[in-house]
Amino acid sequence: MSRTSNRESLAALTLGAMGVVYGDIGTSPLYTMKEVFSPATGVPLDGVHLIGAVSVIFWGLMMVVTLKYVLLILRADNRGEGGIMALTALAANAAGKTARRRTVLLLMGVFGAALFYGDSVITPAISVLSAVEGLEVVTPAFKSYVLPISVTVLIGLFAVQRFGTSLVGKLFGPVIMLWFAVLSVTGVAEIIQQPAILAALNPLNAFEFLRSQGWHMFVAVGAIVLAFTGVEALYADMGHFGKRPIQLAWLGLVLPALAINYMGQGALLMRDPSALANPFYRLFPQAWLMPAVVLATLATVIASQAVISGAYSMTKQAVLLGLLPRMQVQYTSAKEIGQIYMPEVNWLLLISVLLAVVGFGSSSALASAYGIAVTMTMLITTALTFFVVRDGWGYPLPVALAATAVFLALDTLLVVSCSLKFFQGGWFPLVLGLVIFTVMATWRRGRELLIDNIRHDDPELLPFITALSADVVHRVPRTAVYTVANPDTVPQALMHNLKHNQVLHERNVILTVVFHDVPWIAFDERVQVKPLVPGFWKVQVNYGFKNAPDIPRALELCQSQGLSINLFETSYFLSREIVVPTKGAGMAHWREALFAIMSRNAGSVADFFRLPNNCVIELGTRVQI
C-alpha cells in the first residue's frame, strides 16, 4: 500500500474514532462545570476556586486519559481487541497460575462488564437531557417541554436501532469534529477576555484546590469526575479503529478542544458568575443558541449511539463466553460484522433509560447517579492491567507497581468520591450492575451444574457407538449432526432417535462448539476433525468471543481434514434441556429458579448457530439441577 493511501486510511480511521470513541467524553462540558460549582458541592464560585477546579479537570484529563489510557492501557490489547472482556481474558490467562486466582480475576472482569450496563443507561439519559436543557437558556418558557422532548428523542433513537447505523454512521465523525471545533472556538473567545484562567495549566493550582477543600475534597472530586466519563470507550473500541487513530484523535483535537472549552467556561464564570445556571450555553451569543442546542443534541445522540452499540457488543461477547443465555443477534451491515442489533437488549435499555430520565427529571439530578459505575470499572481496568504488565509482559514487580500504582491510587480516590453520592442516585447504576452480575454468575453456574448432570447420567460415547456398530440397526441415508456440550458422552438426541425412530444415519457427526477467551479464531484453526468408528466423526468448532457463529459454514471447512459433508443432505439434531430446579443442589433455590426461567426463554439454538430451520430436529430432555 502506498504512503498516500496509508495516510488516507489513517485519516479516515481517526475521523471515525472521533465520532464513536469520543462522543461520550466529548459531551461532558455540557454539564460538568455546572455540577462542580452547584450548591451541593459547596465549592465557592470565585476566581481562585475556578482556576483550581479547571486545573484539576485539565490535569485529570492528562493523568486519567492521556497517561493511563492513551499511553498505557491501549498497549494491553488482546490480539488487537480492547475492552473489559478482552482485558479480563488477557489477565486471567497471564496471571491465572492457580484456579483460585484465575477465578478472582474472572469475577473482577465480569463485575466490571456488568457495571458497564449502568453506564449504558445513564449516558443516553444525562447526555440528551443536558443538551435539550439548552432550550431553557433560549427562553424559560421551554422548561416544561424539556422532559417530553428528551423522551421523544430517546424513543426515536432506540426505535431506529434495528435499521443499523451504516448510513448515518458516516456522519458521526464530521458532526463530532464540528462539535469539537465549536468547543474550541467558544472557549477561546472567553479566554481572550479573561486570560487569567490560563493559570489553570499550572498543576500547583490543582493541588492547592484539593488541599484547600480538606475532607470536602471528595465531594468536589465526585463532581469533577464527570469530565472523565466515557474514557473506557478509548479501550473498548480499539478493535474497530486501532491504537494509533485513537491516540491521534485524542492528542490532535479532542484533548485541546476539551481543555480550551473548560477554561473558557471558567473564564466566563470569573467574568459573570450568574452564568452558572448553564455555563456551556452561555458561551454562545443569543442568536446562536438554537443552532447550539441542535448541534449538542446531535452530539449527545451520537454519544448515546456509541454506548448502545457497545452494549450490544458486550452482550454478544458475554453470550459467547457463557455468561448470558443465547439472544437474538441481527447483523445490520453486509460489510461490517461488528454492526449488530439485539432486540432484547435494545428494549430493556430503552425502558431503563426512560425510567432514569423520568425518575431523576434533570441532568443535575442524574449527575449524582453518574460516576460510581464508571469509576469502579476504571479501577478494575487498572487492577487487571497490573497483572498483564507483571505476568503477561513479564516485567519485574517494581516496574509493574510503578506503572500502575499511581493510577490505582487515583482511581480509588475517584471511586471514594463518587461513593458519597450513593444515596443521591449513585445506587441506581450500582444496583443495576449488581443485578446483571448476579444474572451472569447464575447462568454460568447453572450451565456448569447442567453439564455435570448430563455427564453423570449419560453413557460414554466411544463404548456406546462401538457396540452400536456391531448391532444390526437400520441405517438411513443423509448425514446427522448432533450438537453436544460434552463430546465424551452420548448425545441425548442420538439416544432419542434410536429409541423412538429405531434408525441410525449412515454418517453421524458429534459436534461440539467451543468459545475461547480470545477475540478471534482464524479459519485454519476453526475446526478439528477426529474419526471415531465407521460412520462416526467427532468435530470441534472453535470461535473467539468476537466471531459470528455459523455452523454450516464451519462444517464446509471439514473437507480440508478429510470429512466431506453435503449440507443439502444434512439434518441437525438438537437437545433442548428442560431445567427442573431441586432443593439441596449446587445453588440457592431462587438462583435455580432464575436459571430455569433464563434457560426456558433463551434464544433458539438453530438461529444462534445459523442452522437452516427446515433441517433441524429438536428434542427435549428434562434435567434436574
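Each Cβ is built from the backbone N, Cα and C atoms, and glycine gets one as well.
Taken from Swiss-Prot, the feature transmembrane segment covers 10-30 (among others).
Here the transmembrane segment (47-67) has long-range neighbours at 25, 32-33, 36-37, 196-197, 199-203, 205-206, 208-210, 212, 220-221, 224-225, 227-228, 231, 234, 250-251, 255, 258-259, 262-263, 265-266, 269-270, 378, 406-407, 410, meaning same-chain residues at least 6 beyond its ends whose C-beta is under 8 angstroms from one of its own. If you look up Swiss-Prot, you'll see 47-67 (among others) marked as transmembrane segment.
The annotation transmembrane segment is assigned in Swiss-Prot to 104-124 (among others). Through the fold, the transmembrane segment (104-124) approaches residues 24, 84-85, 87-89, 91-92, 95-96, 154, 157, 229-230, 232, 300, 303-304, 307-308, 310-311, 314, 318, 323, 349, 352-353, 356, 366, 369-370, 372-374, 376-377, 380-381, 383-384, 387, 428-430, 432-434, 436-437, 440-441 of its own chain, all at least 6 residues removed from its boundaries and within a Cβ separation under 8 Å.
Within the same chain, residues 124-125, 128-129, 132-133, 297, 301, 304-305, 308, 346-347, 349-350, 353-354, 357-358, 361 sit at least 6 positions outside the transmembrane segment (140-160) and bring their C-beta atoms closer than 8 Å to a C-beta of that stretch. Residues or ranges marked as transmembrane segment in Swiss-Prot: 140-160 (among others).
Here Swiss-Prot flags 172-192 (among others) as transmembrane segment.
The feature transmembrane segment is assigned by Swiss-Prot to 214-234 (among others), with sequence analysis given as support.
Annotation comment: Swiss-Prot describes 250-270 (among others) as transmembrane segment.
Distant neighbours of the transmembrane segment (283-303): 19, 23-24, 26-27, 30, 123-124, 127-128, 130-132, 134-135, 137-138, 153, 157, 172, 175-176, 178-179, 182, 186-187, 189-190, 230, 261, 264-265, 268; these residues of the same chain sit at least 6 beyond its ends, with a Cβ under 8 Å from one of its Cβ atoms. Annotation source Swiss-Prot lists transmembrane segment at 283-303 (among others), citing sequence analysis.
Annotation comment: Swiss-Prot describes 347-367 (among others) as transmembrane segment, evidence class sequence analysis.
Sequence annotations record features per position, and here Swiss-Prot assigns transmembrane segment to 369-389 (among others). Residues 64, 68, 72-73, 76, 84, 87-88, 90-91, 94-95, 105, 108-109, 111-112, 115-116, 118-119, 122, 126, 222, 225-226, 228-232, 235, 356, 360, 395, 399-401, 403-404, 407-408, 411-412, 414-415, 417-419, 421-422, 424-430, 432-433 of the same chain lie 6 or more positions beyond the ends of the transmembrane segment (369-389) yet place their CB under 8 Å from a CB of it.
Per Swiss-Prot, the feature transmembrane segment maps to 396-416 (among others); the stated evidence is sequence analysis.
If you look up Swiss-Prot, you'll see 422-442 (among others) marked as transmembrane segment, on the strength of sequence analysis.
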Problem set entry | Feature contact check the transmembrane segment (172-192) with the transmembrane segment (250-270), CB under 8 Å, 3 or more pairs | yes
Problem set entry | Per Cβ pairs under 8 Å, the stretch of 172-192, 347-367, 396-416, 422-442 packing most closely against the transmembrane segment (214-234) | 396-416
